[in-house]
């Protein structure tokens, strides 16, 4: 704590002061801190509803709104009232109502997630979205590099190996954050002309992939393989490389399965007794999921429409009782089952609607004529990131109320807007940028081939 007070608090003070004059500084800081699982501001809550992270979120929003009110910063209003934005706040509002009405308790994290989502929206919608997305991507990639270095150094010092401890449930979350950086790195490679940046991003991509595999998580290993196969199928990896890498991957997986790495990764049941697995074998293989999943499913069947209440699995008074023991603050290890169990069909439809909305946003970007290819690259990265949440949420706790999930949702909402934010002028008469009506946009497309003539100059490179 003394080291924290000595080194980190002065840095936070400078960030807070800088945020008053440059709100984007606070926004990028919050993104990095969230990506690093709160490592920077991890000092706990010193009041029931306050922590340094929550105070920084509040300060950043107030600073941003003050700059908007004084016309120092102009925000594209269409991004603030898009389909994805409205659906996100409906979902978060439903979670808060579920917590208040069913569980009988306030849940400040829902409000903090809503505020954080607004912070990301304001950041991305207050400038050229491609430039903002590129800056945000580099910040998140840098945070991932810090995670890799910190986690690797800690394991080398304490255990003399880079492999994670399979009994440590906290090993998976940092690995997933690093895995999410890989699509961002691909977007950065495709949106820069500087060779040294391409080489550096490629090196980081290989480093991050190796780190993900050292987490000894079946979910993360599956995500890494799916990412590789996706980029091969989409032609993002040159033929001369994937013709070499695919056999190497198959050979590597085969050899790994026969070594201690494969044993710790797969954790297959050991001895079979009478041709059947014992409950202990199945529980160990599934990391407890075989015990907790039936309880969650029964809770959904008991409350199919509204669920048992948001955060009921971790709430001390409403946790499931298994074998006479109350499981407190337990993780369900399945986002989709948790959504059904805690929020019912209504919450599940709202949550799944976010994925559908992001997919529709991606389609709208590709359907628009003469769109900057860089926007395509970040739209792809956003869709892949969301897809990783969808897949990772099957057997782990990724998505739902996971805060970095809302970074990708906000990025998708702003990228889908047809009016390029780079065209905003400080001479605009109103605080918010005007949104073109359909007839005006149609006439300008016929004349220029784009929804806004100013975009032709801003997007030409």
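Heads up, the Cβ atoms here are built off N, Cα and C, so glycines get one too.
As recorded in TrEMBL, the features of this protein are as follows:
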{"type": "COMPBIAS", "residues": "436-445", "note": "compositional bias 'Basic and acidic residues'"}
{"type": "COMPBIAS", "residues": "446-461", "note": "compositional bias 'Polar residues'"}
{"type": "DOMAIN", "residues": "204-352", "note": "domain 'O-antigen ligase-related'"}
{"type": "REGION", "residues": "435-461", "note": "region 'Disordered'"}
{"type": "TRANSMEM", "residues": "7-31", "note": "transmembrane segment"}
{"type": "TRANSMEM", "residues": "46-65", "note": "transmembrane segment"}
{"type": "TRANSMEM", "residues": "86-104", "note": "transmembrane segment"}
{"type": "TRANSMEM", "residues": "110-129", "note": "transmembrane segment"}
{"type": "TRANSMEM", "residues": "173-191", "note": "transmembrane segment"}
{"type": "TRANSMEM", "residues": "203-233", "note": "transmembrane segment"}
{"type": "TRANSMEM", "residues": "239-258", "note": "transmembrane segment"}
{"type": "TRANSMEM", "residues": "336-356", "note": "transmembrane segment"}
{"type": "TRANSMEM", "residues": "376-395", "note": "transmembrane segment"}
{"type": "TRANSMEM", "residues": "402-422", "note": "transmembrane segment"}
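Residues 40-41, 52-53, 56-57, 59-60, 63-64, 67, 73, 116, 119-120, 122-123, 126-127, 135-136, 139-140, 143, 407 of the same chain sit 6 or more residues outside the transmembrane segment (7-31) yet have a Cβ under 8 Å from a Cβ within it. Against the transmembrane segment (376-395), stretch 173-191 shows more Cβ pairs under 8 Å than any other of 86-104, 173-191, 203-233, 336-356. Below 8 A, the CB atoms of the transmembrane segment (336-356) and the transmembrane segment (173-191) form no more than two pairs separated by six or more positions in the chain, fewer than 3 in all. Distant neighbours of the transmembrane segment (110-129): 23-24, 26-28, 30-31, 34, 53-54, 57-58, 60-61, 64, 68, 73-76, 79-80, 85, 88-89, 92, 95-96, 99, 136, 310, 375, 401, 403, 406-407, 409-411, 413-415, 417, 420-422, 458; these residues of the same chain sit at least 6 beyond its ends, with a Cβ under 8 Å from one of its Cβ atoms.
Mean per-residue pLDDT, taken over the domain 'O-antigen ligase-related' (204-352), amounts to 74.
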